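Q: Here it is: the structure, laid out below.
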Amino acid sequence: MLPAPAAPRWPPLLLLLLLLLPLARGAPARPAAGGQASELVVPTRLPGSAGELALHLSAFGKGFVLRLAPDDSFLAPEFKIERLGGSGRATGGERGLRGCFFSGTVNGEPESLAAVSLCRGLSGSFLLDGEEFTIQPQGAGGSLAQPHRLQRWGPAGARPLPRGPEWEVETGEGQRQERGDHQEDSEEESQEEEAEGASEPPPPLGATSRTKRFVSEARFVETLLVADASMAAFYGADLQNHILTLMSVAARIYKHPSIKNSINLMVVKVLIVEDEKWGPEVSDNGGLTLRNFCNWQRRFNQPSDRHPEHYDTAILLTRQNFCGQEGLCDTLGVADIGTICDPNKSCSVIEDEGLQAAHTLAHELGHVLSMPHDDSKPCTRLFGPMGKHHVMAPLFVHLNQTLPWSPCSAMYLTELLDGGHGDCLLDAPAAALPLPTGLPGRMALYQLDQQCRQIFGPDFRHCPNTSAQDVCAQLWCHTDGAEPLCHTKNGSLPWADGTPCGPGHLCSEGSCLPEEEVERPKPVADGGWAPWGPWGECSRTCGGGVQFSHRECKDPEPQNGGRYCLGRRAKYQSCHTEECPPDGKSFREQQCEKYNAYNYTDMDGNLLQWVPKYAGVSPRDRCKLFCRARGRSEFKVFEAKVIDGTLCGPETLAICVRGQCVKAGCDHVVDSPRKLDKCGVCGGKGNSCRKVSGSLTPTNYGYNDIVTIPAGATNIDVKQRSHPGVQNDGNYLALKTADGQYLLNGNLAISAIEQDILVKGTILKYSGSIATLERLQSFRPLPEPLTVQLLTVPGEVFPPKVKYTFFVPNDVDFSMQSSKERATTNIIQPLLHAQWVLGDWSECSSTCGAGWQRRTVECRDPSGQASATCNKALKPEDAKPCESQLCPL
């Protein structure tokens, strides 16, 4: 665990923070909260010695002389702001910035300190006689001769220090269509557009190799910000400041404790596209623009997560208007869901509309972090209606500042991180661009007329006759045309925080408040864990369930950007570990059977019977409920998580807990060291059984008995090795019950692919006939006797290579002689005529909606060669329609 950085003494910390300031021109280096007095001043240049710059300020009844020298020592080598110009090559913008920064003293006092930027006016801060002062330009130009606001903050240290990253470390969504244009007498109209490949997202869960589970850890979302040519043309020299301000607003939203995690947005690189031919292809098709941008941004990312320029997600900002269904052009952003650690898909596209784009950015980044819309079926099923005032509301109306994140958003994010799908966020960046921390409405970039131009276009400005109730709460804008109607958007379009709204008053969260109240220092409070809650309900009534206890980060709750709690947020223990009464069904099988009553039918209208599917399931998906139609290859994922306490697989004792495989013993206790011995006895010493092994002697054509394995046998392993260079040597394993029913490769129908064989709750795993080592395995006690056979097809002679082993309880009467005697009575005669030989059905060609399944149907003669003498009228079908789950609209 990396320790949190110790707090250094004031002077070096102030120097570092204030030197970072000019990247966000006009923003104070520390939160603008609590200024005591301010005056407008015009800096004047004084003669200075060689290599020194002297500036004079007059305010508060006295003069200030700043003697400054160049100082860019705080800029890390990794610092990157790049531009794509006419050459198509990225050129660094930091070289010019390095000449912006100066530090020095005030009025010759050795204990004073000044740190400022001289690019685009004078921005920065200084300390003198125990008081702190900040200065920033009030105009849009870059001259020193323009008015600047000098603000006095009282004793140094009276304002809260900015919160840096927490270094302490303890793992196709739809487009967002939030706003529609309105005239003042129009009704609010909006529709939600689904992007390409959109679907209702399942909770992002799966098994993981991480050892830490249900732990709150600091996460760092390393971000590439890209502004296209339309942004560069619209904002000009203010572009960098604008996009960093958007990110600053979004970062504050992600610091709110309602997100239930420690999320830090970090900008590692800004890329400004000055020539559109070198940028991503942007059009009014939001989905297509996203695909183009995702492909384009990959060239700038470093593959190693440890590289200082590596980023976890890329965001494109554009002035392009996106149009969707029925020609509606009110889509504001688009992103794929749950792609945060996928370098090919972790990206989003944002339509810039001034400061409002910060909320769109936060929303689309939420999709990338796996959050669905608040009105999606999974959210409403779990939490009910959640209103329209959270970040992930499908339509942006007004953000609930006290609870910006819905419980559903917090849950999906937590499951993404606890499931190990956000491990790329665990590393803190080596260097990140500082974000503005002041009130944006204080800057010339966001004066009222500028806010109107950014949202509606260059010909708009603020309506002068705004009603008293709309001051700060609703931005109305108009043009100077023949009919100067006032326009607005959404149910709520508040003025930028910090916008002057009257003498001595500023806007704050849609209200006009006294300036001293808006800028009053807000104490920063780190969060603390509340006591552990009671143990919850056990997930099972027998066989080893799991119960949870949780604790919340609300003692105290983080306030004003304070750190969210780090450490374990949930703990679990085993419960009801007694064995279940034997019923011949596994717990996973019972979960699949629940869907037998649903309207899933075959071509003849018969209800399908569902059994667990293990074969072909990736290790990370073992805790999803995969079920296969009995006797068919069709399968479905019915649940994103099996019930806690379900075995991860037939060959392991590990159990699923919240979608993750965790270690457990044969006594059904989590983290227990107890294991099954070779006899299948929990904690046994392996002395209650004996080993049986053997091999097959030369056989006749047809089905030949190898061995009949008695009930109670464990650790069964039957192997048939193909001859080198021969894919089909004419020998295949088969399996049948005591009453003669075939479970595997019977009636000359060979299973080429891996499959599971379910026998009264016990699974036998079959490798498939195409495997070089054809294998049949089972690890748990066999519930009934089974006969293993070898099918030998006439043709080129390849002697079989079959070996088998298993363990039989000492009290079971079994001898190899009796097995061999039985084997001699079950020899099948050679095939006498050509027959149709069937392969297994393929998977459905479509993951949703209608598709097709295919299989091989071949006519083979008694020698196994292709033949044309089979009865074509009796040829089985080789294709059939299949239907997976309905495709989302």
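Quick reminder: no glycine exception, Cβ is built from N, Cα and C everywhere.
Got these off Swiss-Prot a minute ago, pasting:
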SIGNAL    1-26  signal peptide
DOMAIN    219-429  domain 'Peptidase M12B'
CARBOHYD  ASN344  N-linked glycosylation site
BINDING   HIS363, HIS367, HIS373  Zn(2+) binding site
ACT_SITE  GLU364  active site
CARBOHYD  ASN400  N-linked glycosylation site
DOMAIN    438-525  domain 'Disintegrin'
CARBOHYD  ASN465  N-linked glycosylation site
CARBOHYD  ASN490  N-linked glycosylation site
DOMAIN    526-581  domain 'TSP type-1 1'
CARBOHYD  ASN599  N-linked glycosylation site
REGION    690-831  region 'Spacer'
DOMAIN    833-888  domain 'TSP type-1 2'
Q: Do you know offhand how many angstrom separate HIS367 (Zn(2+) binding site) and ASN344 (N-linked glycosylation site) by C-alpha?
A: 15
Q: Cα-Cα, whole number of Å: ASN400 (N-linked glycosylation site) versus HIS363 (Zn(2+) binding site)?
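A: Cα-Cα distance, ASN400 (N-linked glycosylation site) to HIS363 (Zn(2+) binding site): 14 Å.
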Q: Here are the glycosylation sites: ASN400, ASN599. Which has the lowest count of other Cβ atoms within 10 Å?
A: ASN599
Q: For ASN465 (N-linked glycosylation site), what is the tally of other C-beta atoms lying within 10 angstroms of its C-beta?
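A: Around ASN465 (N-linked glycosylation site), other Cβ atoms within 10 Å: 8.
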Q: Measure from the Cα of HIS373 (Zn(2+) binding site) to the Cα of every one of the recorded positions ASN344, GLU364, ASN465, ASN599, then give the nearest.
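A: Nearest listed residue in space: GLU364.
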Q: According to DSSP, does GLU364 (active site) sit in a helix, a strand, or coil?
A: helix
Q: Could you tell me the C-alpha distance between ASN344 (N-linked glycosylation site) and GLU364 (active site) in angstrom, no decimals?
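A: On Cα coordinates alone, these residues lie 16 Å apart.
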Q: How many of the residues that make up the domain 'Disintegrin' (438-525) does DSSP mark as helix, as strand and as coil?
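A: Counting residues per DSSP class in the domain 'Disintegrin' (438-525), I get 22 helix, 21 strand, 45 coil.
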Q: List the Cα distance (Å, whole number) between HIS363 (Zn(2+) binding site) and ASN465 (N-linked glycosylation site).
A: 33
Q: Counting by DSSP, what is the helix, strand and coil composition of the domain 'TSP type-1 1' (526-581)?
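A: The counts are 0 helix, 17 strand, 39 coil.
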Q: Report the DSSP secondary-structure composition of the region 'Spacer' (690-831) as helix, strand and coil residue counts.
A: 9 helix, 63 strand, 70 coil
Q: Is it possible to get the count of other C-beta atoms within 10 angstroms of the C-beta of ASN344 (N-linked glycosylation site)?
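A: Other Cβ atoms within 10 Å of ASN344 (N-linked glycosylation site): 12.
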Q: Which whole-number value in Å describes the distance between the Cα atoms of ASN599 (N-linked glycosylation site) and GLU364 (active site)?
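A: Each residue's Cα considered, ASN599 (N-linked glycosylation site) and GLU364 (active site) end up 36 Å apart.
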Q: Taking only the Cα atoms, work out how far ASN465 (N-linked glycosylation site) lies from the residue listed as 'active site', in Å, as a whole number.
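A: Spelling it out, the Cα of ASN465 (N-linked glycosylation site) and the Cα of the residue listed as 'active site' are 35 Å apart.
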Q: If you draw a 10 Å sphere around the Cβ of HIS367 (Zn(2+) binding site), how many other Cβ atoms fall inside it, taking every protein chain shown into account?
A: 27
Q: State the three-class DSSP label for HIS373 (Zn(2+) binding site), counting H, G and I as helix, E and B as strand, and everything else as coil.
A: coil
